[in-house]
Amino acid sequence: MNYVQLEKLGEGTYATVYKGRSRLNNEIVALKEIHLDAEEGTPSTAIREISLMKELRHTNIVRLYDVIHTESKLMLVFEFMAQDLKKYMDIHGKRGALDPTTVRSFMFQLLKGTAFCHENRVLHRDLKPQNLLINKRGELKLADFGLARAFGIPVNTFSNEVVTLWYRAPDVLMGSRTYSTSIDIWSAGCIMAEMITGVPLFRGRDNNDQLTQILKVLGTPDDATMKRLVNDSPEIQIRPFPRLFKVPFQQMFPTAHPLAIDLLEKLLKFDPTQRISADEALRHPYFTTSAAVAPQPHAGTGSSLNMGNGGSAALQAQQQQQQQRAAVQAQQAAQQQAAAVAHQQALAAQQQQQQGVYMQTGPSA
């Protein structure tokens, strides 16, 4: 083998990931060793990941360099990424919350990678902070396509057992199997909210509790919305919902810029047909208006955040022009955000003590 296996980085349901080094050029790589069963052969999740990763070449998608297949194991060789978003938030965030510039940059890159997947008719289906990897240059890339699925037109019927519980869309929680790109958009909205506050937005204990947590924030959908959902997905099981009212996002995210809140509103629509697409989200004023956040260096790297493939030069130029004017505003926002994050953390701690929390994970490495 042309790679030297170094320390273990992590272990999942069907694979173990190691840090590795190429014998040819000494490049550091990630080696994903798939567990093979002598009777069952290569896991279907691994086959999906290989086939999809070979097709998806984009700045914001982790690059698959090589595939090594022997009788006893299957090894996928990926570009090496320093850490995932969850770990990044723990290290560089203020109680997990990231500064507005970093949130915008990471969201831009997340949506760029997601839009590319959707343009190529691929659903990721398991977007979460642990599956978003970040290198030392501040580049964010989508990873772990083990649950990803190619979709066609009309939309195929899939299993509803996808997406880690806390990032699962309400239509999927209700049993829909005819979902499309909208499930990735919902997950992206949950991730954006988590980057702003430092804590997951919806922390349900099971499917029903997760749906209840969503209703407490978005409010109970009206009859017309529910009827439309059932018409689109007859397999949905309707049960009586308590009458709840929407909590204003300005109240939940008091330090967030109004444009950030507006984008969140469009990502986190209860009705999947009303959610903004990844391509539309990239054109949202949140990304095109430089005054939306105060530009500042990338925390922990000493360099500016890379805004992804396409549109980066314009965004960065706009940021530089606004830097002096936004400095005072950034300082004030940071003080307000600290108070808001402390409030969110207190609520999370109280909920964990009262109910106990667990996360249902997918086949992540």
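A Cβ is built for glycine as well, from the same backbone N, Cα and C atoms used for every other residue.
Unlike curated entries, TrEMBL annotations are predicted automatically.
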Legend entry - Among ranges 67-106, 147-186, 227-266, 307-346, whichever one TrEMBL labels region 'Disordered': 307-346
Inset, instruction - Across the whole of the domain 'Protein kinase' (3-287), what does the mean pLDDT come to? Round it, please. - result: 86
